[in-house]
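Structure first, then comments.
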């Protein structure tokens, strides 16, 4: 497969990931309000779960073809999840003096994202 085709697959996945991130974030604001960065937390945990599934699928050769790795892994999940937004959310919480919320956000993002990746991986491995 040519490098141009691979870049096209990554861009396609990225477009869907970015749109999904926006929609999930907006839905979280509607459902849960703006008092906590629920949107970032949600996309990071869901993205980690999908990555766990994806890694297990590649290992078991359920998704052995290379375009899927680029479309889902680099494109979709790369655009869906975000460390820079997570960092900025925490800076804003710090500036507001909301140190408990900031700490909670850090703990929840790290713990739930790693747990979700492990659960996703285990689901397809067993």
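In case you wondered, yes, glycine gets a Cβ from its N, Cα and C as well.
Values in this document were obtained by computation on a predicted structure and should not be read as measured data.
Residues 39, 42-43, 46, 66-67, 70-72, 74-82 of the same chain lie 6+ residues outside the transmembrane segment (4-24) yet bring a C-beta within less than 8 angstroms of a C-beta in it. Per Swiss-Prot, the feature transmembrane segment maps to 4-24 (among others); the stated evidence is sequence analysis.
Residues of the same chain lying 6 or more positions beyond the ends of the transmembrane segment (38-58) and with a Cβ under 8 Å from any Cβ of it are 20-21, 24-29, 31-32, 64, 69, 72-73, 76-77, 80-82, 85-86, 89, 105, 108-109, 112-114, 116-125. Feature annotation from Swiss-Prot assigns transmembrane segment to 38-58 (among others).
If you look at the transmembrane segment (71-91), the same-chain residues 6 or more away from its ends with a CB under 8 A from one of its CBs are 9-18, 20-21, 37, 40, 43-44, 46-48, 50-51, 54, 63, 102, 105-106, 109. According to Swiss-Prot, the feature transmembrane segment maps to 71-91 (among others).
The DSSP secondary structure for residue 81 (Na(+) binding site) is coil. Taken from Swiss-Prot, the feature Na(+) binding site applies to 78, 81.
Per Swiss-Prot, the feature transmembrane segment maps to 104-124 (among others); the stated evidence is sequence analysis.
Remark: of the binding-site residues 78, 81, the most isolated position is 78 (fewest other Cβ atoms within 10 Å of its Cβ).
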